[in-house]
Structures are given as structure tokens and as C-alpha cells.
Amino acid sequence: MFFVPFLYLISFFISLAILAGVIISSKRHNNMHYIFFCVLISISLFGYWTIAMSETAEEAMIGLQLTYVGRCYLELVAILILCTFCKIHPRAIWCAPVSVLCVFSMMSVMTIGKTDWFVRDLSFTRRNEMGELSYSTGPLELVFEFQLVFLFALFVMIFFYAHRHRTKMAYSNCFRIIGIMALGTVSFLFERFGNFAVKVHPFAFLIMEIVLITMVQTINMHDIDSNIVSHMLQQQDYGYIFIDMKRHYLGCNETAEDLLPQLRYLECEHIFTSKKAPVTGTINKWLNEFDSRTDAQKLTHRIYDDDKALSCMIRPLRYGHKNRQVGYTVVLFDDSQQFKYINLLNNYNFELEEKVKEKIDHIEELQNHVLMSMANIVENRDFTTGDHIKRTSHTVRLFMEYLKRMKPELQFSEQYFEAVWRAAPMHDMGKIAVRDYILNKPGKYTEDEYAEMKTHSAKGAKIVEEVFGEFEEPEFVEVAVNIAHYHHEKWDGSGYPEGLKGERIPMEARIMALADVFDALVSERCYKQAMSYEQAFSVIENSLGTHFDPVLGRYFVECKDDLIRLYEGECESAIEIA
């Protein structure tokens, strides 16, 4: 039986590999329950290997404790997974007692080897190059066995509760979860009341974990909120329908149901090839057309429903670190007004042009709203900056207006002027990737904390490019990326992230640096008092040629009076950007 410890060790490493896979899949979804489930199984498998490799009774008892540690919480975590999947919020009235029961079991396990309460008559032998631990049941072990059966029964009750209340869920996955827990409970009881040299429970654990990892991707695909957030276009004007590669309906947002009321009657995992709803057949034809294109990135059609004309765009739904396609995203937009304008084109050309312009302006307003909303997400996480984003955006706009009016030799185009002030709110977008305790730390950063804070510029540039690269003008995207990436560079090359020097720093980043530092100087923060305007301008003047572009810096100081009026709320340029 010398190969048994090797099997336990292989099972443990496979479990760790599965755990790593679940952690990787957590980049876009909250998979903490699945991660904890895999951790508990890994602990138990390590315990079995420890017993098999033990040389002494003390080592074997530690291994026995580890095997029980994983079991103490496994059923509870599985219940929480089921609740999450069925969109049921655990109630304290039953969750608290169950948690107390699990904690009690955990504390009971810690008595192994010290008292006879959990197990007794412990004896350790080594046979066939493998440690074996025999024992008889103590009173607390009976409580533990009751816990297993009770939690499995509770698990099944929650499933039937969800079914009775018609909670939207994929029954195939629910049955898999029930099967997993049944396998774990039966294998434990089988091992407990049987006498086998090779334990079956570790391999049952491994099977449970393998089945779980095959379900994680599908479960995450049913996480509709996360899928919508991944598109970064959560607007009330847009409806989203999600379909997997087998044409199973995964879900949609409320706007999609408002635009296509037939969606309200579709059940989760409804097959789009069926004829239950007319719209599913139409969309299925478009999916076939989309699949027939070798280079398809998006496909646009229209749906005419009663008096509505809906624009329908099909895009691939991608998932995982390899960004592979796992389904389809159908984006709906109420295009009725534009369709009516097109029908009236021949008779009302002038009126149509005005309406189209209004539509374009509306879209630009929506885009600007997205810009400011995303920037506000960052600002709301950073309690030290107040209205920093709005103030710096107004400052950039005022400064750009001054340069365009008073320094025509710079030859700023209207497109560049607009791109700079629109992109200004995105300069600190990378702070969304910085941990909260660093972002809001009142005192001085450690070296590691400061190093992490400095990563926000490069991360912000990447976020801006990924989010706006597909639907914004290339010139705007380039300007926004440069502002986010390089606004902490310094004229003498001592800045970050790349240590650019002089005119190698993009013009828009040099402009943003002036506005950013000026606002930091004259604003009160939790770690400093606000400077006076005179002191702030003095700091900027003394930093020309080292921190700031000496030419742009002098122009900025020339705006002194206008900037003071702006911050005192007296300047007409203080206009809301969004």
C-alpha cells in the first residue's frame, strides 16, 4: 500500500491546481465562496496525506484534525453557494445558528488527542510504509455527524424553496451542486462505518472539486450584473441580452425587458432555437449569420415591434484570462425616433439634419456622462480629494481657453481643445485599482504603499484605452491615455511612471500636471492644510524647469486672477462638464 500516500499527495496537488483556476476566474466575478470551498477541500486532502506519512501518533493526530477542519465548514459554504446561485439572501434566523454549530464542531475537533470527547481509544501503527490511525467515536463526533446530515437536509430544503418561489436558476447546475454534497456526505458515512485501508473520502473530495470547477464558468455566466458591468455601458437607454454558445438564454437587464416585453416570459436556459417567443427565432437567425462570419466582431440589425424600431447589435461575450468567446451579447437601443426621421428624409431634409444633430449631441452628452460617472467612481473611493476631479477639469478648461485666445502660436485645433478638457476627469482613473486603505491613508506612505500608488497612472491609461477605444475618436483616446499615463511626469525627468523628460512628455499631460498640482496645493486634505493662492503660485513658479514645463508654467501663472475667481466661484468658465 506504499502507493496510497502518493495518491493522496497527487490529489492534494490537483486540488491546489483547481483552487488556482477558481482564483483566476475571480478577476471579474466574486467567487469567494468557491475559493473557500476549494481551500477547505485542500486542507482535508493535506490532512489525509499527513496521516499516511506520519511517523508518530502526534503527527497522525494533527493530520486527523486537518481532515475534520475542512469538513466542519464545507456544507455551510455549499449552502451559501446555492443561495448565491438562486439569488436567495441568507437570513440571520437560520444562518447564525448554523454558523455557531460549525464553530462548535471546529472547537470540538481541536480536542482530538487532548480529551476523549471527540474521538477516543486512539491508536497509531505503521503498516506497509503507511501510517494508520484507528479510533472510536466520542460524543462530540456524533454531534458532528448530525451536523453533516442536518446541513445536507437544509441544503435540499433551500433548493425546493427556490423552486417553489420560481427563482430564476439553471436546474442542471443546482442538481450538480446537490450531487456534490450528496457524494461528500455519503462517502463520509461510508468511510466512517466501513473499515478500509484506503480512504474513499479524499477521492470523493477531489471529484466534488472537479465538478465544481466545471460549474464555475457557467455559474459566472449567469452573473448578469457582472456581465453588464464588464461592458462598461450600464445606461438606462441600453438593453442587454446574454446567450451562451448553445443558444441558452442566460438573462437580461430591465431595460431589455421594457424594450422587448416578450423577454419577461422567457425562463432561464430557454433555447433560442425554439418558437416559444417570435423574437427568439429572429435573434437566432442573426446569431447564425454572426457565426458564419470568420472575422465577426459585431453585427447590427433592426427589430420592428409594434410602433417601435429597435437597433440590435450582436457582440461576442468573452470570459476568462484568455478572453475566449463563451456566448453572445445582444445590445438593444430604442431607435424609433431615428427611424421616423429616415422615413421623412425626402420631405424634411433640413428638419432631419437638426434632429440628427440633436441626437448626436445627446449621444455626446451620454458619453460625457459616462466619463464623469466613471471618474466619480474613483473620486468616491478617495476620501482625501473632495471635488478634485471637477475642480481640475474646470481649471484645465479655463487654461485651455486662455491658451487658445492669448497664445495662438500654439495652434491648438478645436478637436484637440475639446479632447483635452473632456479627458481631464479621467486623469486619476487608475486609482480604482489601488486598495482603499492606501488610497485613503492619512499619514505618510511606506515604500511599498507608495510604489502601489504610483501604479495608478499606467493602470489608468490601460483602463481608459480598453473602455473608450472602441467607441470614441482615436484622437480623444490618445489624449485621454496620455493624460492618465503621464500627468505625474516631471520636466527634469524625475517623475513617474517612465521618467520622461522635457518635450518628450505629451503636451496634454504637462497641462494636466499644472492643474493637478495647483488643486492639490490650494485644497485642504486630511493630511495637510490648504495653501493660500499666493503660496501655491509661488511653489509653481519655483518649480518651473524642474517639475513643470517652463513655458506652459509661465502661461499658467498669467491666468492667476482667472484661476482665483474660478476657485472662489466667480468665474463664468466654471461650467459643469457632465
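Backbone N, Cα and C define each Cβ position, glycine as well.
Taken from TrEMBL, the feature transmembrane segment covers 6-25 (among others).
The transmembrane segment annotation in TrEMBL covers 32-51 (among others). Outside the transmembrane segment (32-51), and at least 6 residues removed from its termini, the chain residues within Cβ reach (under 8 Å) are 5, 8-9, 11-12, 15-16, 18-19, 22-23, 26, 59-60, 62-71, 73-74, 77-78, 80-81, 84, 131-133, 199, 201-202, 205-206, 208-209, 212-213, 216, 219.
The transmembrane segment annotation in TrEMBL covers 63-85 (among others).
Taken from TrEMBL, the feature transmembrane segment covers 92-113 (among others).
Beyond the transmembrane segment (142-162), the same-chain residues lying 6 or more positions past its ends with a Cβ under 8 Å from any Cβ of the stretch are 68, 71-72, 75-76, 78-79, 82-83, 86, 88, 94, 98, 101-102, 104-105, 108-109, 118, 169, 174, 178, 181-182, 185, 188-189, 192. Marked as transmembrane segment by TrEMBL: 142-162 (among others).
Annotation source TrEMBL lists transmembrane segment at 174-190 (among others). Listed as Cβ neighbours of the transmembrane segment (174-190) (distance under 8 Å, sequence separation of 6 or more from its ends, same chain) are residues 71, 74-75, 78, 81-82, 85-86, 145, 148-149, 152, 155-156, 159, 162, 200-201, 204-205, 207-208, 211-212, 215.
Over the domain 'HD-GYP' (363-572) the predicted model carries a mean pLDDT of 85. Annotated domain 'HD-GYP' per TrEMBL: 363-572, in sequence order.
With a cut-off of 8 Å between Cβ atoms, the residues of this chain six or more beyond the transmembrane segment (63-85) that come close are 33-34, 36-37, 40-52, 54, 98-99, 102, 105-106, 109-110, 112-113, 119, 133, 135, 144, 147-148, 151-152, 154-155, 158-159, 162, 169, 173-174, 177, 180-181, 184-185, 188, 201, 205, 219, 222.
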